[in-house]
Amino acid sequence: MNFVTFNQDHSHLGVGTSNGYRVYTTDPFNKQSESREGDVSSLEMLFSTSLVALTLSPRVLRIQNTKGKRHSTICEMTFRTAILAMRLNRKRLVVVLESELYIYDISNMQMLRTEKTSPNPNAICALSASSENNYLIYPLPTKAAPATFQPPSHAPPKSDHIAPTSGEILIYDATKMEAVNVIEAHNSPLSCIALNNDGTLLATASEKGTIIRVFSIPDAQKLYQFRRGSIPARIFSMSFNSTSTLLSVSSATETVHIFRLGAPNTSRSNSISSGPTTLLSTSHQRSSSRTSEDISDEFGSSTADMAASERKPLNPTFASMIRRTSQTVGKSFAATVGGYLPSAVAEIWEPSRDFAWVKVPRSPNAASAGPVRTVVALSNNGPQIMVVTSEGNYYVFNVDLEKGGEGTLYKQYS
């Protein structure tokens, strides 16, 4: 299995293999279409239509109509470098290369724009499923410093951009074809981003993977901050449910976290570390955002480390006392105390843990093969979470939305 993905409304699941691809419905789980031709490294579906975009070789993209037994090719394009990802909605096709984005009008496959990016080997990019809020999100390009010497004529051309050193995000209007805002989401480079169905919320995670943040789009206000854990782990996948009340997050830890999105305290979020409301932010906003993440991450890590090393329950450390207190403190008390603390420190007191989670089973032979990659989606038909693993397993877990806690395995397919 080369690749796996859900479509925009999580009703279909696409799998790319070295011998073609398969498309399944998720509820009930049935194979809808397949092709046994080509080495498919990635694919994207357009909702529940018969249109599928395929990457058949590192540089070749094919748009196919899967209706009927004979799949017809609508168009085929070859790019200068390897295709790392594709994004689709009813208006746009975005092709992600390592240092470029190609944006097409999906109605006639006319290329509208090419955007230069910083090196983006992990294809960090999200396109809204909504045609009205048609936003494209990717890491803010960072210009390289001017060369101090003239390279020899035979040397290959150097990129105008360098790899990002922080988690700044560009919000791009894919209808008007213009940048509209910038979010300073994290101090570390990004590892994963996800948009909700309406194109109004953006979830972000950095390479540390300890803090998940949710911003409003396009005004870039920080609405929620969640803590996945204290130990850094790479975030593989994030997904909102259809009503944007839940956010699921999978990582290299084999635990899938589910966070509840209640009514955000926007006035406080805005005053603490909201993103800039214009394309250029002030130096004060930059400093505040980065300082808050540093303190929040360091607080969580030091607390976990001290609690783990302290083995004398009759003489608890100050850190372990704070840890227990923070788990039981009420929301009203946290909000009151937060009002008197500096903005960077106030975020520590916010109750931001997951309310539910599931444990992804591992096969016995996978223990020495490193972390199992997972892709997650929340079902539109009930309180369930769907998880697909790089081992080729598809799991459906039931989640208790009232009590939370650990979800139970409901179905499993291989």
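Including glycine, each Cβ sits where the backbone N, Cα and C put it.
Since we're looking at a predicted model, the values are computed, not measured.
What Swiss-Prot records for 267-276 is compositional bias 'Polar residues'.
The compositional bias 'Low complexity' annotation in Swiss-Prot covers 277-290.
Feature annotation from Swiss-Prot assigns region 'Disordered' to 267-310.
Mapped onto DSSP helix, strand and coil, the repeat 'WD 1' (1-34) counts 0 helix, 23 strand, 11 coil. Taken from Swiss-Prot, the feature repeat 'WD 1' applies to 1-34.
Annotated repeat 'WD 2' per Swiss-Prot: 69-114, in sequence order.
Residues or ranges marked as repeat 'WD 3' in Swiss-Prot: 139-182.
Sequence annotations record features per position, and here Swiss-Prot assigns repeat 'WD 4' to 185-225.
The average pLDDT for the repeat 'WD 5' (230-269) in the predicted structure is 88. Per Swiss-Prot, repeat 'WD 5' is recorded for 230-269.
The repeat 'WD 6' annotation in Swiss-Prot covers 317-359.
Taken from Swiss-Prot, the feature repeat 'WD 7' covers 367-407.
Residues or ranges marked as motif 'L/FRRG motif' in Swiss-Prot (evidence: similarity to another entry): 226-230. Secondary structure of the motif 'L/FRRG motif' (226-230), assigned with DSSP and counted as helix (H, G, I), strand (E, B) and coil, comes to 0 helix, 2 strand, 3 coil.
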